[in-house]
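Down below is the structure, laid out as C-alpha cells.
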Amino acid sequence: MRIGHGYDVHRFCDGDFITLGGVRIPHKYGLLAHSDGDVLLHALSDALLGAAALGDIGKHFPDTDPQFKGADSRALLRHVVGIVKAKGWKVGNVDATIVAQAPKMAPHIETMRQLIAEDLQVELDQVNVKATTTEKLGFTGREEGIAVHSVALLLPA
C-alpha cells in the first residue's frame, strides 16, 4: 500500500469560468495556467504519481512543452492512471480539499466526484472532494487564486 500527497495552486486571471474536477464553473475570473488550469485534477495527479514514486505532473507534462498548451486535465489524469497501473498499482481511494473563497463549490462537488471516479476507473465511494475557505485570509481569502490539497491511496493491482 502506498500513500501520496498532491498540492497545486493557480492564480486567477481574466476570464468568466474556471474548470475544477472536470466541471466548468461560471466565475468572475479564469485560472492562469499552461493547461486548462484544473488545479483539482493537477493535485490529484500529483498525489497518484507521488504514491507510485513516479515524480510529479511537471515531469510528465512540462509547461515548457507546447503539446500541453491548453491540455484537458482529465486526459492528463487518465494518462497518469495508466502510468500508475503499468507500475502494478490500482487506486484505493482519493481525497481532495479545494481551498477557495469563491466561487462556491457545493453545487458542483457531486459532479466532480463522478467525473473523477470515471477517470480513475473506480467507484464513487472511493472519491471524496470537499471545499473550504480561509476566512478571507491569505491569497485564497483575497480571491487571488485557488489551492487544492489531495491524498491518494494506491494498492497492489
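Cβ coordinates come from backbone N, Cα and C, glycine included.
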Inset, instruction - From HIS42, HIS60, HIS79, grab the residue that Swiss-Prot records in the same divalent metal cation site as ASP8, HIS10. - result: HIS42
Inset, instruction - Between the Cα atoms of PHE61 (4-CDP-2-C-methyl-D-erythritol 2-phosphate binding site) and HIS34 (site 'Transition state stabilizer'), find the distance and write it as a whole number of Å. - result: 10
Inset, instruction - Provide, as an integer number of angstrom, the distance between the C-alpha atoms of HIS42 (divalent metal cation binding site) and PRO103 (4-CDP-2-C-methyl-D-erythritol 2-phosphate binding site). - result: 19
Inset, instruction - Quick one: pull the CA-CA distance for THR133 (site 'Transition state stabilizer') versus HIS34 (site 'Transition state stabilizer'), whole Å only. - result: 25
Inset, instruction - Please name the residue among the recorded positions SER35, THR132, THR133 whose C-beta has the most neighbouring C-beta atoms within 10 angstroms. - result: SER35
